[in-house]
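Participant: Quick paste from TrEMBL:
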DOMAIN    B:36-554  domain 'Cytochrome oxidase subunit I profile'
TRANSMEM  B:15-37  transmembrane segment
TRANSMEM  B:98-125  transmembrane segment
TRANSMEM  B:137-158  transmembrane segment
TRANSMEM  B:185-209  transmembrane segment
TRANSMEM  B:229-251  transmembrane segment
TRANSMEM  B:313-332  transmembrane segment
TRANSMEM  B:344-364  transmembrane segment
TRANSMEM  B:376-402  transmembrane segment
TRANSMEM  B:414-435  transmembrane segment
TRANSMEM  B:455-476  transmembrane segment
TRANSMEM  B:488-514  transmembrane segment
TRANSMEM  B:590-623  transmembrane segment
Amino acid sequence: MHVEEKLTAETFPASPEKATLEGKNKFLGFWFFLGGETVLFASLFATFLSLRDRTAGGPSSDELFKMSIVFIATMLLLTSSLTSVYAMYHMKNFDFKKMQLWLGITVLLGAAFLGLEIYEFNEYVHEGLKYSTSAFASSFYTLVGTHGAHVAFGLLWILTLMIRNAKRGLDLYNAPKFYVASLYWHFIDVVWVFIFTVVYLMGMVG
Amino acid sequence: MGIKWNEILITGDPLIVGSQIAIVMTVIAIVGGLTYFKKWGWLWREWLTTVDHKKIGIMYILSGVLMFFRGGIDGLLMKAQTARPEMNFLDAQHYNEIFTTHGVIMILFMAMPFLIGLMNVVVPLQIGARDVAFPQLNALSFWLFFSGAMLFNISFVVGGSPDAGWTSYFPLAGKEFSPGVGNNYYAIALQIAGLGTLMTGINFIVTILKMRTKGMTLMKMPMFTWTTLITSIIIVAAFPIFTVALALMTFDRLYGTHFFTLSSGGSDMLWANLFWLWGHPEVYIVVLPAFGIFSEVIATFSRKSLYGYKSMVISIVGIALLSMLVWVHHFFTMGAGPAVNSVFSITTMLIAVPTGVKIFNWLFTMRKGRIKFTTAMLWSLGFIPNFVIGGVTGVMLGMAAADYQYHNTLFLVAHFHYVLIPGVVFAVFAGLYYWWPKMFGFMLNEKLGKYHFWLFNIGFNVTFMPMFFLGLQGAVRRAYTYSAESGFAPLFLVSAIGSIILALGFAVFCYNIYWSFRYAKRNVSSDPWDARTLEWATASPVQFYNFAVLPEVKELDAFWHMKKRNSGLVLKEEEIEEIHMPSNSGLPFYMAVVFGITGFFLVFEWHIAAAVAAIGIVIGLIIRSFDYDDGYHVTVQEIKNIESKWRKVEGGVKHHVG
């Protein structure tokens, strides 16, 4: 199939993201990119785990972390993953407007998550945990902050895609782009699950 | 902050002032030349905006040659300083800077671009593709690499070079002990170049997995393509670790964090672990493609199929897996304990097994072959014994208990030069002599090539063999001088003389490039070596769309069998179809400029300026997102014209082998 073909709901393929060679390449390449991102986060997790008890007299994780705010943030991000699935569902059904709507909801939830994270960081700084306070502080802010930067980048990415394709509608040229962006969003979500477990739960319990 | 305006340009050292003048003169000459010959438009259209993998490859190789020159000068300066005991040619600080930049440049800005350049030129042709999977990303990879390389290279005239060794161990590389901007250059320039490398890795994995021509199954791929695939996978698995290590280093130096510091709970050993978790695989990232080049060259000039193809593939995969499991052998002496050291000793020695398999496969490929002693083949032949010396001394170093004796001595330095020079530099030269006609349509001079080979080979051995013995006698690495009483002087002098021979060899190579551009015969066959793989099935230099009709592959060494059966060589007019090609783009070049400026501001810790420049990066991403250009089509008539041009003359040209 060709990228420039004008399609209708009937002719739209079941896997529009993989219908063209460009789409297939993008799909596979992006998985390898996510592989690289996994290594990146694994290195940050390893760094955090090796430094998390080194508080150098500054605040430690069990003194700082509060379940309520982290829990709300987690729910927001998990929900946003679900809404991005809805968006992809509508994309496959060639329903551009509903896809845009659900992507919009995803962006809002992601932005709320990001807002909470900024609020949380601000709280910690006021409680005496600056970036340079201790090895724990540095590794905590870097790991969680890198995730936050990924969220911010994902928001910017999905927004540009929505604006750029608002008039164009769905076709085989932009379907892989939307699909890959949603993959990225899921990846961010999975990383957060690990952060929630390794950083917050383990930080509060042990 | 704390960086003074009047200290930005390094002054006072006559060597560096000389370089500054030379740089300014060169820039004036280039700008003047381009303006005088009205070549700016040509430069922009043909090179700076190109997305053609062959041109990108040539730009990588050109960068490699330049960086070889820079790194080589660093090496010569070190050899001059240590030629006699207690010399005062360089002071200790200058010597520190020079061994640091020598290491970084030779590994990351010489070996890498040479190999990635050859990968770019050759791999899409070998698999019968029209380009890589993501042509514009490929251009971005190159320009980010180039931006990082340039940023790193200006350090010695603007602000000061990094001086903590190419490994930049903490706490030495931290702000406390290295307060200048030198190590900021290290952290930021390598980060920018590393981004480009990561993209290259992803691009080539997808290219090889998805863009192979009809009939080319994985086990019918040429060996260089195989090694490129595995190398790319190692890149994706290892480079993000370096990304993290460099980022944490940047934070430590710029924002006062405590990852690797001695105070506030930081861990300097963490740096060593992260660095070598990337650094050891990096060795295989540069050595595996080199193995691929040797495989192609040896098979071609033995006029036989590669012996033990399957075992070659298994060995590469084995080496790739083991490469991730040996990093601790770089710091046995750090005190991880006998149990840990033993494990890493064993994994290290295990790597000798698949490597040995490969060596024997090359030897058996040559057995009963009709060997042609071309320059490319000479490099491959020279590689085997020299590399074995490097490998065997590597096993010696791999024994943890014995390593306490060798660690940090010139024995180690000699070892890795015996691995990397035959294993990478010889391969690059073999590859350049071999693929040069494919890139440019004329050959490098074979006779000059042989002078190049012998001077380089002899010079290499005279330079580095004495360093084994110096090391065993206790001469430490990275020491800027030694006393006359130490008794090191004679061997150091021999080594210094060797380095001059080595440099002469490289000079002959540069002259060879010049000579060939001016005088080499242009009527070279598209297949001058009577070779075996698909890159030789099309014109030299290769037309921009690579193949008029994508070839169909039935077995390994596809082109060889096509020639034997005399099938598939003639172009049938009715098979020609329009070809869709990607358009050029100035965006990768723009991104390189913005990344370079942002990096430069960060190096000097001008955070606001850096933040402003970084907006330019985001703008670039958005422009790319709004890019509607879908490429263009080459018409059938145009293809016919181009094809008939080279196919007509093909009858009357000279074959060099066969």
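Cβ coordinates come from backbone N, Cα and C, glycine included.
As the structure is a computational prediction, the values presented were derived from the model and not from experiment.
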Participant: Checking distant contacts: for the transmembrane segment (B:313-332), what same-chain residues at least six beyond its ends satisfy Cβ-Cβ under 8 A?
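Facilitator: Tertiary neighbours of the transmembrane segment (B:313-332) are 219, 226-227, 230, 233-234, 237-238, 269, 272-273, 276-277, 279-281, 283-284, 288, 291, 340-341, 343-345, 347-348, 350-351, 353-355, 357-358, 361, 397-398, 400, 403-404, 407.
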Participant: Is it true that the transmembrane segment (B:344-364) and the transmembrane segment (B:376-402) have 3 or more Cβ pairs under 8 Å, skipping pairs fewer than 6 apart in sequence?
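Facilitator: Since 3 or more Cβ pairs under 8 Å link them, the transmembrane segment (B:344-364) and the transmembrane segment (B:376-402) do come into contact.
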Participant: If you count Cβ pairs under 8 Å, which stretch among B:98-125, B:137-158, B:185-209, B:414-435, B:590-623 touches the transmembrane segment (B:15-37) the most?
Facilitator: B:137-158
Participant: Grab the same-chain neighbours of the transmembrane segment (B:98-125) for me: Cβ-Cβ under 8 Å, and only residues 6 or more beyond its ends, written as numbers and ranges.
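Facilitator: Same-chain contacts beyond the ends: 53-54, 56-61, 63-64, 67-68, 70-71, 74-75, 77-78, 90, 131-132, 138, 141, 145, 149, 152-153, 155-156, 161-168, 186, 190, 193, 197, 200, 204, 207-208, 211, 224-225, 228, 231, 282, 285-286, 289-290, 293, 420, 424-425, 427-428, 431-432, 435, 438-439, 478, 534-535, 538, 542, 546.
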Participant: Would the transmembrane segment (B:137-158) count as touching the transmembrane segment (B:590-623), if touching means at least three Cβ pairs under 8 Å and pairs must be 6 or more apart in sequence?
Facilitator: yes
Participant: May I ask whether the transmembrane segment (B:185-209) has at least three C-beta pairs under 8 Å with the transmembrane segment (B:590-623), counting pairs 6 or more apart in sequence?
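Facilitator: Result for the transmembrane segment (B:590-623) with the transmembrane segment (B:185-209) is yes.
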Participant: Looking at the stretches B:185-209, B:376-402, B:488-514, which one shares the most CB pairs under 8 Å with the transmembrane segment (B:414-435)?
Facilitator: B:376-402
Participant: So which residues does the transmembrane segment (B:488-514) touch in its own chain, when a touch means Cβ under 8 Å and the partner is 6 or more beyond its ends?
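Facilitator: For the transmembrane segment (B:488-514), the far contacts come to 65, 68-69, 72, 75-76, 79-80, 82-85, 429, 444-445, 448-449, 451-464, 466-467, 469-470, 473, 475, 482.
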